[in-house]
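Undergrad: Quick one: the structure is below, questions incoming.
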Amino acid sequence: MSAGGEHLKDEGTRRQVVLSGGIAGLVSRFCVAPLDVVKIRLQLQIHSLSDPASHRDVVGPIYKGTLSTMRAIIKQEGITGLWKGNIPAELMYVCYGALQFTAYRTTTQVLAQLDPHRLPPALESFVSGAVAGGLATASTYPLDLLRTRFAAQGTERIYTSLLASVQDIARNEGPAGFFRGCSAAVGQIVPYMGLFFATYESLRPVLSGLENMPFGSGDAAAGVIASVLAKTGVFPLDLVRKRLQVQGPTRTLYVHRNIPEYRGVFSTIAMIVRTQGVRGLYRGLTVSLIKAAPASAITMWTYERSLKLLHDFRVAE
């Protein structure tokens with residue numbers, strides 16, 4: 001394996017990078033699926049937790065915190081409720097991981113050919129991460145929307161299967177229905193992935209040489225720190241994306257029946273601030289950060305190990 005911050009940029013064949021990215025996404029998604037469902041439920045909840053009067057006309061559950069939300073889902077929907085939306089999510093994560101790492105590798109190789117006008121390493125990582133994140137997000141967005149809608153279902157099922165959900169959305173909402181909130185997603189993921197990769201590439205060479213690192217290795221620790229910092233900065237757009245994804249004819253049928261009607265990213269932000277305050281933009285942030293740390297650590301660790309395994313296997317042939 002190569003040293004320093006170049007390890008993600010130039011190692012492995014295209015096939016190895018695609019396969020390693022797909023494996024990393026698959027493993028990561030399955031491990032953090034319960035936290036993802038909890039996060040989505042909290043993000044879609046609009047009533048105040050500190051004002052009991054706002055609970056008077058609420059139809060559906062009232063979630064308070066990560067652990068209590070998890071317990072409520074298990075009690076009302078069974079343990080499998082924590083993996084709702086896992087099929088479209090697994091498909092999304094595999095495709096996303098493969099596209100993301102491939103685009104990142106390709107972009108950095110293109111930027112490396114700009115000599116003698118090559119960008120500084122940190123800026124190069126930022127641009128590559130932004131391009132990779134934007135492309136992967138837009139390409140897999142319909143699966144992201146399906147994941148959210150399945151996770152938002154309570155005991156009453158709106159969609160009975162993945163195929164049925166695709167047919168229903170296509171019939172009742174048209175092609176645009178699969179891209180509700182896509183602008184918020186791209187607006188969120190471009191700076192997120194740019195910041196994530198720039199931080200990760202900067203930290204990994206430093207942390208990889210240290211012993212007794214938390215999370216098991218320098219790769220994982222760098223992934224955790226990079227993810228937490230980037231996630232906090234763009235979280236309001238993530239919440240807006242979730243609220244927009246459940247708009248349409250099924251808006252009042254999810255586990256939270258009182259989801260307002262939102263139109264557009266900026267009007268959604270304004271409405272949330274007006275009715276719920278600035279804190280309303282950060283609902284679910286705690287569980288999001290709890291999820292982001294292991295998810296990114298698992299993703300980067302699995303990617304690095306998968307790539308090394310495939311590389312060693314090829315050399316041994």
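Along the chain as shown, residues are numbered 1 onward.
Here the Cβ of each residue, glycine as well, is placed from N, Cα and C on the backbone.
So Swiss-Prot lists the following for this protein:
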- 12-110: repeat 'Solcar 1' (REPEAT)
- 120-206: repeat 'Solcar 2' (REPEAT)
- 214-309: repeat 'Solcar 3' (REPEAT)
- 17-35: transmembrane segment (TRANSMEM)
- 91-107: transmembrane segment (TRANSMEM)
- 126-146: transmembrane segment (TRANSMEM)
- 181-198: transmembrane segment (TRANSMEM)
- 220-240: transmembrane segment (TRANSMEM)
- 284-301: transmembrane segment (TRANSMEM)
Undergrad: Any residues 6+ beyond the ends of the transmembrane segment (126-146) with a Cβ under 8 Å from its own?
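TA: Residues 9, 85, 88-89, 91-92, 95-97, 99-104, 107-108, 111, 119, 162, 165-166, 178-182, 185-186, 189-198, 245.
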Undergrad: Based on DSSP, tally up the residues of the repeat 'Solcar 1' (12-110) by helix, strand and coil.
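TA: Split by secondary structure, the repeat 'Solcar 1' (12-110) comes out as 76 helix, 0 strand, 23 coil.
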